[in-house]
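Novice: Let me give you the structure first, and then I'll get to my questions.
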Amino acid sequence: MAGWFGSSTNSAFDEQIERATSSSLEDMPLNLEISDVIRSKTVQPKDAMKSLKKRIGHKNPNVQLATLNLTDTCVKNGGAHFIQEIASREFMDNLTSLLKAPSTIAPNNDVKNKMLELIQSWATAAEGRMNLGYINEVYRSLQREGYHFPPKENIASSMLDSSAPPEWTDSDVCMRCRTAFTFTNRKHHCRNCGNVFCGACSSKTIPLPHLGIMEPVRVDDGCHEKLTIRSRGAPVPRPFDTPKPHKTLYQGAMEPRSARVDDSFDADLKRALEMSLEDAKGTGSSGFVSQSQLQSKPKPSTNGSSRKEPQEEEDPDLAAAIAASLADMEEQKKKYTTTFKQQTASSSAAAPFVAPKNDYELTPVEAENINLFSTLVDRLQHQPPGTILREPQIQELYESIGKLRPKLARTYGETMSKHDTLLDLHAKLSSVVRYYDRMLEERLSSTYNQAGAMYGLPAPTQRPASNLYPSIQSGAPSGAGENYYTGNASQSDPYGRPQSHYAGGYQSTSQQPYRTPGQSQEQYPPAQQPSQPYPNLSQQAPPSSNYQQSSPQLQRQEAPNQQYPPQQAYPSQAPPSTVSDAESANYYYGDNTQGQPSQPPMQRSQSFASQPAQQQPPSPQMYNHAPPQQTPLSPPAYQNPSYPSQQQTAPPPQQQAPPQQAPPPPQQQQWQQPAQTQTQAWQPAPYAAGGYGPESFPSAPQNQLPPQQQKVVDEPLIDL
């Protein structure tokens, strides 16, 4: 830009400054013209500052005052680049030197006051700007030295904001069509945005009055479109008078879209109107047709005017029908308007019933006054005493707010009543929710009780476990084996297969080998002993030498459908020994006697139902049994564990064992535990030694409770 200016330009600018700062009256248009020249960067800002500084040092006070006014005008309209030159040390130190000059060469008092006024106003407007900080330094230094400034005026910082031509940017390609610059394709800068473009994209010229440029200057196509749209207020189609060698997609995308959208919308609208007119003209029977339209229609080539006569005959009827329909439409419109007016009137009449609360509610203005008063009071707490007396606005606010006390008190009372109502409603809602939860719990408990009664659970407060089979509550017999770990009844995995030996338990009756298959079976069914899952194998634990007589292939697990309470699991201490076929048979059917004949299967199932009437306290001798006898496996009906709580009947005298086999009393207490811990799902434990797993036996059938026969006494059981 420096190539634009020369000595001729500076001399012309100096002449303009001399004419503007002559001793005559102030020429405001000339001052604005000079500021536009500075803002348009026609003259360098440093040269303009030097010219003004030279003119301020004139001996004539009128010239000095006019120069100071011109400087203020240029500061407010010359742009940021000129303000930085005014805020430089060269210009500000010149002003301070004139203020501090001796009385012989000191300027007039009016000139001094004008300088102080301008310095104060410039410093106020330059607060917060780092590049103009030297003005504030000069202002504070003059205050410390005791110079009396005029009353301070609040001047916004936007006073120094003025539009100026932007700084020029550089690029290797056109910033519009992206064409590379070459020796023939030269760079051109847009005076509006400062970007660089090729000659094809920056061929427009337009004056820029908002930047102080009154003569037409080069701008690019995008800025030209923006400025012309802004000036005319309507979209202008883009002229194509200049040939553009490189037309690219980017260049086309920069074109304004508003003109294209408007043209397409107008074309669509015109086409729609034409189609509607064609449809209206084509339907001759839809309404009255004028004679001009009938004459303009071409006559059909066939049949002459054979179809025209009936149309002319039907025209009066059609006209009458159309008139009747129009009359009906008018009546409907009138009815609609009347009903609509009535509705609006009723709504407007009902509207005042909603607004009685406005009498005591605070208006936004009153609320704002209250907030303002509170803010002022908070600020006055940090002020010296007596400040409140010098502020009449605070007194006026206090008087106006004092009148609002009754309204504020009433509003506060209404708010408190609403708060109490809200608390009451919340309490009611919480009580209702609590009652509802209680009702749900009662329904759930009743549902669980019904389910327990269906499966034969005697305890109404016991909640059934999430298992497939119902639990059996029975009095556990005394004299059972201790737990291996705790000495108590086993609580984990109560359905594992009992092993051959026990730690701390009672020994075998005579430590004899098991009986041969020729001996008699026990006559009690296994379902009568739910509290002792495996009486035959658990009570007779002969040495390992006795187990060698039996077959090693019959180590089996219990039937999957038998469910036993968790207290009757017998952990093994010694490695499991082999069990004979008779043992496995008695494992399912039980053998409590030594010499009794086996009871038929049907008698077992019947006598099982008759056991509640014959329940007696258990004794330790009932767990000492003879070796089992070979017995075929029975159907799963004999193994049904879903009966109610059963207890072992008193054994006959044949079951009496020697006294050395009686267990100590703590073992009897271990078996007499609450029945609530017996509701655990059956989970068969795997055998430690190889044998038959759960898959070797039938799966658990979903058996219903068989009907119990009341007061059925099995005579052979009583005799024995």
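Cβ atoms are placed via backbone N, Cα and C, with glycine included.
Heads up, here are the entries from Swiss-Prot:
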| type | residues | note |
| --- | --- | --- |
| BINDING | Cys174, Cys177, Cys198, Cys201 | Zn(2+) binding site |
| COMPBIAS | 650-667 | compositional bias 'Pro residues' |
| REGION | 230-262 | region 'Disordered' |
| REGION | 280-316 | region 'Disordered' |
| REGION | 479-720 | region 'Disordered' |
| ZN_FING | 168-228 | zinc finger |
Novice: Drop a 10 Å sphere on every Cβ of the binding-site residues Cys174, Cys177, Cys198, Cys201 and tell me which sphere holds the fewest other Cβ atoms.
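Specialist: Across Cys174, Cys177, Cys198, Cys201, these binding-site residues, the one with fewest Cβ atoms within 10 Å is Cys177.
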Novice: Summarise the model's confidence over the zinc finger (168-228) as a mean pLDDT value.
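Specialist: For the zinc finger (168-228), the model's average pLDDT rounds to 84.
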Novice: Using DSSP, break the zinc finger (168-228) down into helix, strand and coil residues and give each count.
Specialist: 11 helix, 18 strand, 32 coil
